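The following features are taken from TrEMBL:
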type: DOMAIN; residues: 139-479; note: domain 'Peptidase M50'
type: TRANSMEM; residues: 49-76; note: transmembrane segment
type: TRANSMEM; residues: 97-120; note: transmembrane segment
type: TRANSMEM; residues: 140-160; note: transmembrane segment
type: TRANSMEM; residues: 169-189; note: transmembrane segment
type: TRANSMEM; residues: 209-231; note: transmembrane segment
type: TRANSMEM; residues: 427-452; note: transmembrane segment
type: TRANSMEM; residues: 472-496; note: transmembrane segment
Amino acid sequence: LQSSNSLKASYEDWLLTYGLSVSPFHMRWQTALFNRQFYSWGRWKPRFLYLWFNIGMVFGIFAMFGSVILLGKTLMQTLTQMLTEAPKAQNDRMLQVVVSALSSVFVFVPLGFLLCFLLLSCPHQQVPGVNLPVSQLTYFFSAILISGVIHEVGHGVAAIREQVRFNGFGIFIFIIYPGAFVDLFTTHLQLISPVQQLRIFCAGVWHNFVLGVASFIGLFLLPAVLFPFYYTGVGALVTEVAEDSPANGPRGLFVGDLVTNLQDCPVYSVEDWNSCLGDISEKSQVGYCISAATLQQLSFPARVYRRLDGTVECCSNNSLTDICFSYSNNLDSLLYACLPARKVVEASKVCRTNLDCQKDAVPSFCVIPSLENQTRLISVKHPPHIDMLYVGHPMHLQYTVSLSSFVPRQNFLSIDLPVVIETFCKYLISLSGALAVINAVPCFALDGQWILNSFLEATLSSLIVEKQNRELVGFLILLAGSALLAANVALGLWMVTAR
C-alpha cells in the first residue's frame, strides 16, 4: 500500500513538473514556455493593437446580436422543415456547435459526442463518426486545433495589452477533440474597466473571424498562387474514384482523366461539375435525336411492362448495353424501343422534343431514356477516352468521384497538393467561422456570457444604478440565449441522427 501511494505521488509530481493533467475523457498540457512570445506580441506596436482590438470589440458586440438572429432564423427554418417534410439530405445548413468555457481560464472545448459544428460554408453537416469521411478527419481536427489556438492567442494578446497577468498557454484533448486555452489572472480581469474587458472577451471571436477571412482570401487567390505550376479553367481533373463507385470500371473514369462535359453541360472546374450534376438531377432526362431509319434499324421487338414506380421498361433485365427509350410519333402517341445506348448517344445531339431534331429534311425523333424515377443516363466526356455512359442517381456520381480544378503543367507535379490546400482552407473557413459565431452567443459558459456582462456594465451603469439589477437583466438574457442555443443543438442532432 505504501509502495502504491509512493508510486502515485511520483506520477503526480511528474505530471505537475511537465504541466500535464489527466482525467477521464480529458488530457491537457499547460506551459509557460510561450509566455515571453505572448508578452512580445502584446507589447508590439501599442497604437496598432489598441486600434486592432477596438475593431475586434465592435465586431464582437455586433456578432453577439447577430448570432442570436442567426440562431433564431435557423431554429425557425428547422421547425418549418420538420413540420412540412422529412429531413433533406442536401442544401440544409444545420446547427453544429463549438463551445468555449471560461472559469479563470479561457477554454476552447469542442463537445464532440454531444454537440455538432456549425459549418457555415459547407452544404452538409460534417460529424465525425456519423457522416464525415475518414479521409477528411485530418483536415477536420487540424482545423479545429488551429482555430482554437488562434482564438486563444487573441484572448492572450489582448489581455497582455490591457495589463492583465498572463500565466500560461496550453493544449488539451477532450475525448478525441483537440483544443487550446490561455490561463489569465482572474483578479486582474475583475479590476480593469468593462471596456477593457470587452476588448479581451471579444478578441477570440475577432481572431477567428480574421482567420476565416484570411482563409477565404487564400482560397480565392489559390489559382493565381499556383498558376506557375497548375492551370485551371480547362475541366475537372479526376483525383480519386471510389471502389464502389458506378464510375469505376474499364469504361469508367480513371485518376488523371480530365472531364470536360456532362451531357451538353460544359465543365471547366469542380464547381461546374457539381452545378451540372445538380441541374441534371433537378431537370427531366434529356433525349437524343435519331433518324427514323436508324431507329427502325437499331430497335428490336421487346415486351413492354410498367415498373412499380409507374415508369416503363422494354428491355431485358439482363442487358448491359441496351436501354428502353420512349418517343412520340406524328400522331402524338408514346412509343417505346429497346436501343443500344452507346450507339444512340454517340451519334446524336441532345434534345427535349421532336422539334429539336427537325433541322434536316430527314425525319427524326427525340428518343428519351425511360428510366426509373431519379435515375438518369449521363454522358461524361473525358477525352481522349471514349465517353462514359452512367446510369444511376447523379448524386451517387458526385459523392464517389473526387475531382480538382487544378491541372499540373508538368507530370512530376502532384495532383493532390491543390486539393489538400483547397480542402484545408474550406475547413478553416467553416470551423473558424463556426467558433466565431457560436462563441458570440449570449449563453452560459461561452465568450458571449462575458461579452454580454461587460457590455451591460459599460452601457447600463447610468440607467440601472443597482449592480444587482444589471446582473438580473444579464441573467435573463443569458437564460434566453442558452435556451435558444440548446433548442438548435437538440434539433441539429435530431436532423443528423434522423438520416
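Cβ atoms here come from the backbone N, Cα and C positions, even for glycine.
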Within-chain partners of the transmembrane segment (209-231) [C-beta distance under 8 Å, separation at least 6 from its ends]: 59, 63, 146-147, 150, 405-410, 413, 418, 421-422, 425-426, 428-429, 432-433, 436
Most Cβ pairs under 8 Å with the transmembrane segment (427-452), selected from 49-76, 169-189, 472-496: 49-76
Segment-level pLDDT (mean, integer) for the domain 'Peptidase M50' (139-479): 90
